[in-house]
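*Asks:* According to TrEMBL, the repeat 'PPR' annotation covers 104-138, 202-236, 303-337, 373-403, 404-438. According to TrEMBL, the domain 'DYW' annotation covers 619-711.
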Amino acid sequence: MATPLSLHHPRPPLPTEYPLPLRNAATTANNNNINSQIQLHPCLLSLEKCTTMSQLKQIHAQMLRTCLFVDPFSASKIVAFCALHDSGSLPYARLVFNQIPNPTTFTCNSIIRGYTNKNLPRQAILFYQLMMLQGLDPDRFTFPSLFKSCGVLCEGKQLHCHSTKLGFASDAYIQNTLMNMYSNCGCLVSARKVFDKMVNKSVVSWATMIGAYAQWDLPHEAIKLFRRMEIASVKPNEITLVNVLTACARSRDLETAKQVHKYIDETGIGFHTVLTSALMDVYCKCGCYPLARDLFNKMPEKNLFCWNIMINGHVEDSDYEEALSLFNEMQLSGVKGDKVTMASLLIACTHLGALELGKWLHVYIEKEKIEVDVALGTALVDMYAKCGSIESAMRVFQEMPEKDVMTWTALIVGLAMCGQGLKALELFHEMQMSEVKPDAITFVGVLAACSHAGLVNEGIAYFNSMPNKYGIQPSIEHYGCMVDMLGRAGRIAEAEDLIQNMPMAPDYFVLVGLLSACRIHGNLVVAERAAQQLIELDPKNGGTYVLLSNIYSSMKNWEAAKKMRELMVERNIKKPPGCSAIEVGGVVHEFVKGDVSHPQSSEIYETLDDMMRRLKSAGYVPDKSEVLFDMDEKEKENELSLHSEKLAIAFGLLSTTPGTPIRVVKNLRVCSDCHSAMKFISEVYNREIIVRDRNRFHHFTKGSCSCRDFW
């Protein structure tokens with residue numbers, strides 16, 4: 001508990017081993033008599049010029065050799081220098097302070113400022129209490145330092161009362177630091193009261209209050225206050241503009257940011273690094289990358305903060321290749337990345353499935369001795385897990401000294417996606433034993449794990465525990481996991497009943513989960529109902545038509561399948577183009593269906609033809625049911641062979657060492673024919689094939705898949 005502040009408080013414990021010199025009327029009179037006989041020390045000029053503690057100590061020692069004690073003015077200079085120099089100098093400042101017969105408020109302020117600057121708030125407060133008990137009155141420079149020391153609201157309010165009682169309530173300097181103190185304590189109501197009571201609000205006052213709102217994620221209030229500042233005809237300074245731009249970035253207020261940009265141009269304030277970075281940040285967060293990049297390119301000197309803004313901006317805009325390209329430019333410019341840079345780049349690798357590049361970044365982190373905090377460690381775990389290297393993800397996880405809920409969740413979700421449901425549930429139990437409270441995203445991973453492990457009853461129990469035990473209301477994502485779990489287990493009626501009784505309308509992924517289950521278990525009646533809901537929800541989404549057509553084809557209902565394809569043509573609905581990416585030698589190569597743009601296209605197609613011949617010899621039969629166009633059987637077979645994932649795998653076989661895993665990332669769900677072909681490829685070529693599609697991971701080994709043919 002904080003020690004109460006009071007002008008009449010009994011003497012508190014001394015803050016350090018160096019007490020204030022005791023004074024009474026007799027000693028004060030005696031000291032005054034001594035002081036009147038002292039001339040300023042001749043070493044004072046040398047004292048004014050000293051720049052290091054060692055120099056100051058030498059001068060102080062010389063003073064003590066020539067005089068019994070140092071005059072108060074020179075001693076105060078020594079105290080001020082020591083107090084503000086470095087943390088090891090504060091005890092020396094207190095020793096010198098105790099030698100001053102009659103210290104002044106100025107000298108006490110130096111000690112308080114020293115404690116404040118060295119982040120020793122309790123010592124600053126206690127020293128203030130002793131100062132008051134010894135009869136030294138604070139001045140307008142005492143309270144700002146004390147307000148900076150306050151991290152506890154009750155202490156801040158007591159100091160506020162003291163400053164008011166002592167007549168400093170209307171001092172603008174004190175009011176500004178008081179607002180800042182309330183802001184740091186999160187009490188914006190009190191900060192605003194101080195602001196509103198100010199008679200003469202300077203630009204610093206406006207900047208402080210606007211910054212408080214921006215800091216505490218109230219960007220709209222910050223921008224509203226900035227508008228009032230304009231009406232009051234107060235010209236903003238650079239700090240004000242940075243605070244406003246911070247608010248614009250958080251609220252995605254592009255219009256206000258552009259007005260600030262125009263103001264900077266018109267007034268000639270100049271684009272200093274901090275201001276330019278803040279403006280770039282707004283443009284990035286609002287998706288205006290040409291504007292951000294133009295500012296970035298014009299900067300004569302780019303610091304790490306600027307590079308991080310641009311790299312993270314491209315990552316947030318899903319332009320992952322450009323983010324990685326920027327990092328290469330950054331290295332060539334001689335700027336080294338930090339943990340913020342690495343976290344952004346790892347996210348890019350995660351989305352690209354660029355495991356080798358992610359590994360290289362991990363080595364870079366270790367080589368450059370970049371601190372792996374919780375955020376960066378979690379990014380590493382997530383990257384490895386979502387690139388299919390779950391062993392590496394677990395190793396990084398185990399090496400992390402500190403883990404938060406996001407770290408645990410990243411590995412649980414990763415294990416679930418990779419089909420290791422039982423391991424994911426074991427980890428969830430370990431998380432509970434570690435007293436880390438799961439959040440809503442954790443339960444998405446837990447329910448997915450139950451689904452992949454076939455633990456339906458356990459999944460239902462976890463689902464029910466969310467509101468009852470953890471106070472987490474299930475969202476649409478959790479209901480989607482439950483539908484997937486029930487559908488995977490063949491409990492189609494229960495899955496449909498759950499959808500009908502959801503507290504919210506089903507979304508596309510919930511209904512697709514039900515439709516996929518109907519495809520696996522051959523339930524045409526429910527499939528048609530689900531498809532009708534999907535078409536009503538998103539009539540232009542070609543995936544629904546394709547999936548229902550495939551269900552009809554799998555049941556040999558060729559006429560219904562044909563009608564679905566005709567309906568797609570009639571409504572001008574096209575299946576979204578598939579794109580597959582594979583990383584080889586640290587470079588990500590992307591393929592679309594029938595792609596001939598790759599420099600090695602001729603070799604890729606030769607490898608593809610050889611691959612298809614070998615698969616057929618091993619027993620592979622093309623699944624032509626998913627071909628949507630009217631063509632002969634040979635054309636259908638050729639159409640299937642040109643799918644993007646087959647091209648990516650052919651390139652992988654061509655470009656990698658025999659026996660090494662091949663990893664592919666696809667933007668859509670893997671089709672039935674490609675899924676069947678990959679099982680054969682894993683057996684014929686003795687390769688582990690890892691494919692991450694829109695829904696999950698598929699680990700193909702020795703002719704089987706981790707999804708057990710349900711995806």
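Every residue, even glycine, has its Cβ placed from backbone N, Cα and C.
On a predicted model such as this, the values are computed, not experimentally measured, just so you know.
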*Asks:* Determine the mean pLDDT over the repeat 'PPR' (104-138), rounding to the nearest whole number.
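*Replies:* Mean model confidence (pLDDT) across the repeat 'PPR' (104-138) is 86.
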*Asks:* Residues of the same chain, at least six outside the repeat 'PPR' (202-236), with any C-beta under 8 angstroms of its C-beta?
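*Replies:* 172, 175-176, 179-180, 182-183, 186, 188, 191-192, 195, 243-244, 246-251, 253, 256, 263, 267.
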*Asks:* Looking only at residues six or more beyond either end of the repeat 'PPR' (373-403), which have a C-beta under 8 A from one in the stretch?
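*Replies:* Distant Cβ neighbours of the repeat 'PPR' (373-403) are 339, 342-343, 346-347, 349-350, 353-355, 358-359, 362, 365, 410-411, 413-415, 417-418, 420, 434, 436, 661, 663, 690, 692, 697, 699.
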*Asks:* For the repeat 'PPR' (404-438), jot down how many residues DSSP puts in helix, in strand and in coil.
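*Replies:* The composition, in the requested order, is 26 helix, 0 strand, 9 coil.
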